[in-house]
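Marked as domain 'Major facilitator superfamily (MFS) profile' by TrEMBL: 112-358. Under the heading transmembrane segment, TrEMBL lists 31-53, 74-93, 105-125, 146-166, 178-202, 209-228, 234-260, 272-294, 314-339.
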């Protein structure tokens, strides 16, 4: 339930961000949306120093270590290589769709190739070189791979949905940012309902079932937005998808965090949970890069509103496909979990029979 309640903060927090950004954009100067965000983050960082307990009190940490010892303890080599690979790959996909750039630009291809080459180097460092790897080896299991793949597909789809519903409402329907914020306000209430429901369901259902429901929510919200007529009434599809989308967010994140955290030792659970958060945020960004590439290739130059809408819908269709892929992966994960349970039950029965015979 704690993980679920933590996840429920996202829709409400996003809505507050929408409201303040819209007010600054309409009533003041739009850069203040970013200035205020930075100020808020600074205040939260100060509050975190007082509110968040230090779990490292019982460990020596970096005390008494020289520079090289600290580098090995923090796995700075793995961190630098891994982060560089992620940034280069992400930059290539998100920069290429921009006007005047394109995939034919040499620096885009170079960044993409370097990112692909550095990724296996990172995993080699983590498994063969690092003394204290960023990612504990226990994380690399097939079950965790299925979970992270579901999270990646679902949240990439969500990133596409949340960006392009804004594009459709502002660019195609001509709504103001404050009005769009009002349109999306049901996200907060629905997010609370989804979080409480998830907390209750996690005790009664396999995480794979939770993932399937979450990914169906992602897919449904994108489908409703992609098929939205330009001037349809708000209550027909927009309102409905704002009620459904939070179930994707607030069901996938807690269940994935629990599965990944339970697969590692207690001292690694914080790192395992942060891995889920990393996949969530990186997938959102990558999904937008993929969607941007689709948009610019199908919008016929985007010179008219109809062409712009065509591009937006093409991007949302990609989001639907990503969510559908996530559903397929989750179904395979569910079948695998039932198969493992069956094998474990058979093994237990054989062991019981052997004990009786003995």
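Residue 1 is the first one shown; counting continues down the chain.
Cβ from N, Cα, C; glycine included.
Nonlocal intrachain contacts for the transmembrane segment (234-260), taken as residues 6+ away from its ends with a CB within less than 8 angstroms of a stretch CB, comprise 3-4, 6-8, 10-11, 139, 143-144, 147-148, 150-151, 154-155, 157-158, 161-162, 165, 169, 183-187, 190-191, 193-195, 197-199, 201-202, 207, 210-211, 213-215, 217-218, 220-221, 224-225, 227-228, 272-273, 275-276, 280, 323.
Away from its own ends, the transmembrane segment (178-202) comes close to residues 1, 3-5, 7-8, 10-12, 14-15, 18-19, 22-23, 26, 165-166, 169-170, 209-210, 234, 238-239, 242-247, 249-251, 254-255, 258 of its chain (Cβ-Cβ under 8 Å, at least six residues beyond either end). When each of the listed stretches 105-125, 146-166, 314-339 is scored by C-beta pairs under 8 angstroms to the transmembrane segment (272-294), 146-166 comes out highest. Across the domain 'Major facilitator superfamily (MFS) profile' (112-358), mean pLDDT in this model comes to 91. Outside the transmembrane segment (74-93) by six or more residues, the chain places 62, 108-109, 111-112, 114-116, 118-119, 121-122, 125-126, 129-134, 282, 285-286, 289-290, 292-293 with a CB less than 8 A from a CB of the stretch. With a cut-off of 8 Å between Cβ atoms, the residues of this chain six or more beyond the transmembrane segment (146-166) that come close are 14, 180, 184, 207-208, 211, 214-215, 218-219, 221-222, 225, 238, 241, 245, 248-249, 252-253, 256, 259-260, 275-276, 279-280, 282-288, 290-291, 312, 315-316, 318-320, 322-323, 325-326, 329-330, 332-333, 336.
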